[in-house]
Amino acid sequence: MIRFCSRTKLVANLIPPSISISLEQRHQSIATIAKMSDSKILIYLMRRDLRVADNPVLHSLIHNKDHGFTHLLPLYVFAAQQIEVSGFIPEDGGKSPYPEARSQIGSFWRCGPHRAKFLAQSVWDLKDGFEKIGSGLSIRVGMVDEVVKGLIESFEEPAGSKVSAVWMTSEEGVEEKREERSTKNICDKAGVDFKLWQDEKYFIDDRDLPFEDPKDLSDIYTTYRKSVEPLREAPRPALPKPEKNSLPPFPTDVPPQHSPFVIPTKYEEIEAALLKLINAQPLAKNPPKCPENALSVHPFTGGESHAQERLEHLITSGSITGYKSSRNGLMGTDFSTKLSAYLALGSITSRQIHASMSVFEDGSASDDRYKDLKGYGKGENEGTYAVRFELLWRDYMRLCTRKFGPQLFRLGGFKAEENAHLKWSRLDSPKDGFSKEQIQEIVERFLNGTTGMGFIDASQREIYHTGYTSNRARQNVASFLSKHLYIDWRVGAEWYECMLVDYDVSSNWGNWQYVAGVGNDPRGNDRIFNPVKQAFDYDPKAEYVLAWVDELRGVDELGQIFQAWTINDEERKEELGIADTDMVKNPLKRIDFKVNRGRGGGVGGGRGGGRGRPPYRPHSGDRWTGRRPSSQDQGRGGWYGGRGDRGYQTRGYQGRGYRGRGDRGREMRTGMMDKERDATADNE
């Protein structure tokens, strides 16, 4: 006679008697199901820690054998409020239960096509990375807490496995903290253990910060930097990649994605699902065409393996050694590290970058791959120090988000500036006598790169078609919108969130604040970029502007390329087909700027000017020239209006328009190693 324990009796009832199953087979089936019912699954919810190496969660599972988990379920969720997921619904599957993932102010897609593709690549590469070490990755779409709840409930069905715990790493940001709280609440209600880990992807480990309370973080970057120097000695060692089969096995009975969504099994289908609705219509009205022969400076594939390949290339090519002098470049793949997109998703960590640079600096490579490189074994150089400086800046922006919370998204910024509503025209509250339709037109031209300011237009077209633009260009774009056009800086921050492949919530919003004058820049409103002078300085042959603003490729004079309204030859304008364009007839901004062609020589007026830096003499008489729409324009609808909820409320704004300082043609001198950081973009 066979005797069953009470638990085995339960599962025995699930196997119907059958003359085709022997007693021994029935015994084995009961034992298998009973074993499944004893499974204790750990769900590892991954968000921006998309890597298997230098991963504290995986490292802990390997080295703490008494964790008690029988299975590990790594999980990634395409979060419905941050990226559009309706493309995962079959044609006959009905409507999405979630609103479109659009921004609050400009109603842009929260995640545009470039980042969506890079994210898909990164997730798929993570899946491949897990499979190579004997594990796997479950991919889902929806709201994070709902997905976790569904998995817990599905595993609790009779004779099923049981979710014992949910782990995830902490992130900064309003939405991110809300996700963490809601996931914890789901676990608490279900009686499932929840643990929030501190990720270790940062340059300075949180355990090594010189303060415990975020309120003690200095509002001045230099002060913070000095408190953690020397930078080369600051990071902790990176953790190794898990050995094959060193993790608890991947569950064999993972329930399917909840309806109406269906998760494809091929990468190409996942990418197509993410891009389906995003690519169904232009991202901006009258989008710019992609010029012939214009090349992306960010042609990289997402994922941990590709991040490591990029890092290795930067060292072997010598690019990282020359980073300090090249980082303000505009064209080419190696003028900056291009690691920012990988850092934003946690596909690579700051301390991994530091560790690789240290091997080069110390001359301690295990083989001869670096032995002939300039600087190998010679210690830290100005290039590697500059990279560490920028990695620390990313840390600092994250810590500012921790300190200021929802102020990251408010018009008054970290400074909580009370009169911020007097400075800028909002989409629903224009200033200086402009109508909503006029502000709409200005914003449209800003987005599609037809402002008439060559440097700005080139950057906006580049970002539209490639998802990337240089740090120098980002600074100028942010300054142009906020301090020349006097438009709500958050419109630009949201547009960058949509378009940038390397979007990071803290770096993007914190740096837009910085340039707009409401962040933690001590010079605030006094830091104003002159985009004409900047073009002469950083694009002295106009190669960058002409690469993207191709309608000006027949123009020879630098000043006319940088401001097309200065072209005086009417016949030439007709020949080029630009005579009636807004960039020539109605630029949004005119800046009187002259180049002194004295003995100092230099760029001069022609495209092929010399390399010297002439004593530029910008005038202070630049003026607003936004075209006032005609009566026919007044009826235009469809202005960019926001929707959604980022976890904050904007204030009601009233008051007269604000013109700001009278020296708008002036630009404050900037440099990467200034006493205060001048960046407006994600770490490159």
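Cβ atoms here come from the backbone N, Cα and C positions, even for glycine.
Annotated features in TrEMBL:
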type     : residues                                                               : note
BINDING  : Tyr323, Ser336, Thr337, Lys338, Leu339, Ser340, Asp502, Tyr503, Asp504 : FAD binding site
COMPBIAS : 598-612                                                                : compositional bias 'Gly residues'
COMPBIAS : 660-684                                                                : compositional bias 'Basic and acidic residues'
DOMAIN   : 40-202                                                                 : domain 'Photolyase/cryptochrome alpha/beta'
SITE     : Trp424                                                                 : site 'Electron transfer via tryptophanyl radical'
SITE     : Trp489                                                                 : site 'Electron transfer via tryptophanyl radical'
SITE     : Trp512                                                                 : site 'Electron transfer via tryptophanyl radical'
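When the recorded positions Leu339, Trp424, Trp512 are scored by other C-beta atoms within 10 Å, Trp512 scores highest. Averaged over the domain 'Photolyase/cryptochrome alpha/beta' (40-202), the predicted model reaches a pLDDT of 96. The Cβ of Thr337 (FAD binding site) has 23 neighbouring Cβ atoms from other residues within 10 Å, across all protein chains displayed. Cβ neighbours within 10 Å of Asp504 (FAD binding site), excluding its own Cβ and spanning all shown chains: 26. A coil conformation is recorded for Asp504 (FAD binding site) in the three-state DSSP classification, outside any helix or strand.
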